[in-house]
C-alpha cells in the first residue's frame, strides 16, 4: 500500500510477516487450506571424523618442503570437537521447537553459539530490559527520534531478535545463536508498518559499522513477478539513493541480507525476498526464507517460487489442522514459535517473520565456525547443507530445503555457485560433509583445510596456497601450485599435477595418500615423507603412472629412527618414469638415499659415521653429546639428537651441559680473595705498613688516653675492627664456557691482639652475598656465604710478614633454563660448597723523601669443594657429582703512600700495582650425568692466568681521632676484569 508517513514523505510501507496466538497482534489468520504433509525431516547424528594434528608449514626460498612440520596449527574458532548433542536438549531448548528441527544442538555440541558475531535487525525496536537480551546487544540506530532503537511498542523486533540471540539462561527459550550480538535499527513507521526510508537507513548504518548479517522480517505484500514493480526499486528514497542502490552497496560490502517471503499463501515470494529475480547481481548476498510447521508445510507462507535458488525453509509456526474427533479445523497454538515479548514475558506467534531469524542466527553460527568465509560463502553453506524436502532437488516450494545448521557447521555441502575459494589463514579448518555440485575448490591462504567427507563435486581442485588434506575422498583432477601442498590419508580420484608439494599422510600421523589416476611431479616440486610416523611411513600410491622429477624431502621425527631401514615412499601400478633430482641431506647423523624399481621408489635411512661430539661447538657440548650418544636408540635424548640437522644439534648440545656449576666455582674462588685481602689489610693497618688503609678499630691499651695512632709502637694491645666490601666483575668466554658475570657484597669483623711484643694474632667472621649469571646459557646462581678466619703477622725491622687461613661455607641456589623445540624446562638446584684458603706475604718497607714504598710477594692457595645433587624441573635434569677444585696464586707488586695537606686537612694518597699469576688448571670442572648416561666433565669460566692487580685510595684526617678513607681495587686481564670500591671510617679511642 502507499501511505503518508510521519515525515511527510510518500513512501512504500512494508508489512511485517507474522501473527500471534495469545498476543494482541491484530492480524487475521490466513485462509484455511488442507495442510500438505511430508515425511519426517529430522536428521540423525552428525558424526565427525578424527582430526589429528596438522603441522605448521614454513616457507623457504627454494623449497616448499620447508613449509612442513614444526608445531601444530590451531583450529579455526573452536576446537570443533564433538560433545554430546543430547546434553543441549534442555527444557529451555525444547521450548522453542524450531531449534530441534534445524539440528541446532549439533552446532552447540561443537562449541558454536555465535560468539563474536553481530547480527543486524531492521525492525520495530528492541526491549533491552528483557532478561533474554542481557549482554546480547550493542547500541543500535534510530532514524525517527520518536522511535528509538531501544524501545519496541509492538513487539515485532523483540520477537525476531529473541529467535536470533535470546540468552541461554535456563528461563523461557533461547535463540539460535545465544552468543551472538544484536544490533537493532528501528524502522517502525506506526501501526504495523516498516518505513522504507528508515529501513534503508538502518541497512546502510549496519554496513558502515561492519555488521554483515542483516535480518529483514518485513516486505511489500505483492509477488515479485506480478509485473507491478516496474522501476520502483530505482526511485530515489534515501538522500538521492534508491532502494536498489542501498542493496547494491550492502552486497558490495559483503553483507548477507536475510528476507522473509511473506504470509500471503502465494506460490511466489513477496517484495524484497525475490528481488534478485529482477536484479540478479543481488543474489550473492541474498537469502529468502519460507516457513514450515513441525511436520508440515505452513499453508499461509509464501513459497520460494522464482527465488528457489536463494531460498530456504525454516520453522515459522503452526497451521490449521483437521481434527477428526471434533470434525473441525483447529489451530494448535503449541506448534507456534515461542518468543520473547516486551515487558519480560513470552508468547506463541507464527509467520515467515519468525522463519527468517532462524536463518540469520544460523548464519552467525556458520560465520563463527568458519571466520575466513565471506558472507556469500556462508550463504552457500546454508543453502548447500539444507535438508532436501518436497520434490527432489531445488524446488519452487522449499527452495534448497529445510535449514540444517547442524550440517552447516560441518562445512559446505554443495559447490553450485562456481568454484569455492577457501581462503584459510594460518591455522586449521575441517570440512566434514560430502560435497557435491558442478563447481570446484580453490585452496588459498596459508592455513590447512582438511576434507574428511567423500566428495563428488565435478570441478577441478586447485591448491594455490597452504595445505589441502584429503582424509576422505574427492573425485577431481587436482593441481598443486608452487605455494601449495596436497596431503592426507584419503583418496584423490583423478589425476594430480604437482608443482608445489605432495605429502602422503595426515599431519604428523603419516599414512598413505592414494591417487586414483596419474601423478606428475615437476622439476621445482617436492614429495614429502615422514619416516616411522604413528600411522606408518608416509607414502603415495598411484593406480596409474607416475612421472617424477624435483626432490624428495624426508622428515624423521623424534623416536622414528630405530636403526637402518628401507621405506617405500611412492608406488605406481602403471610404472614410474624419471628420477627425483635430490633427496634431503639435512640430517647431521643420518644418511638418506633413494633407490628405484619399475613401480616403486624406496628411501634408505642409515646412521652415518658422524659422532654426536663432532657437531658440538664447544668442549662442554662435545662432552654432553658423547654422553647422549652413549645412551643408544630408544632413549629420549638419543632419539632427539639423531634426527637433528647440524645447527639444531649444536644448539641442543650447547644447552644440555650445566656449565653454570663450574662457573660458580670460578666465582667462589675469585671471591675468596676478598676475605684474604681483608685479613692482610688489617695486619698492615695494625702495623702502619706502607699503603695500608685505615680500618675501624676499637683499641684497648694500657693507657688508652695516650693512643693517637694505629702504630704497633703506640697502638692497642687488643683491637676489634670491621669493614664492608663489595666487587663486581666478569670473565669472557674462552670458546668453551660462556661469559660469566658476578657481583659480591658483604662485611667482616674481627678481633686481634699482641701475643708477644712482635706478633699479632686475630680472628675474623663475616657474611657476604654473591650473584653469578651466565646469560648465554640462561643460567644463574646466588650464594649466601659465611666466613671464618685466623690471621697473624709480625715485623723484623723493615721486613714484614703477614699470613692467614680462612674458610667460607656457601649455600647456593642455582637456576637454568632449557628451551629446545617443544621442550622447555626450568631447572633448579640447591647445594653446598666450602672454600678454604691460606696465604702468606712478605713485604719490605723503605722510604724515598716523602714517599714510602713496600715491595711485596704474596702466595695464596685456594680450594673449593662442592657436594653432589640432582636438579629438579624436567627431563633434562642433571645429576651433578661432588668435587674439588684448587688453584695457587702468586702476586708480586709494589705499594706506595705519601702524606700531603689539603688545606687544613691532613691527607694520605696510597696505591698498589702488582702482577698476579695463577698456577694449575684455571678452568674449574664439575662432573655430571643425565639419567642413565655415563658421567661427563664440564668446565666453567676460566680464572685469568695472568692479571694486573691495582689499588688506589685517599685517606683524610677529618678529626684528630677520625680518618675517612675511600679506595678502589681492581684486577684486569685480557679475558677478565674485577672492580671493587671500599669506604672506611676509622675512629680511635
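Placed from the backbone N, Cα and C atoms, the Cβ positions cover glycine too.
TrEMBL lists 123, 156, 353 with the feature active site, charge relay system. The domain 'Autotransporter' feature in TrEMBL is assigned to 713-989.
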Residue 156 (active site, charge relay system) CB neighbourhood, other CB atoms within 10 A: 30
Rounded Cα-Cα span from residue 353 (active site, charge relay system) to residue 156 (active site, charge relay system), Å: 9
Integer Å distance between the CA atoms belonging to residue 353 (active site, charge relay system) and residue 123 (active site, charge relay system): 10
Where residue 123 (active site, charge relay system) sits in the secondary structure, as DSSP reduces it to three classes: strand
For the domain 'Autotransporter' (713-989), mean pLDDT (0 to 100): 91
Three-class DSSP secondary structure - residue 353 (active site, charge relay system): helix
Local backbone state of residue 156 (active site, charge relay system), from DSSP in three classes: helix
Neighbour count (Cβ, 10 Å) for residue 353 (active site, charge relay system): 32
Other CB atoms within 10 A, centred on residue 123 (active site, charge relay system): 32
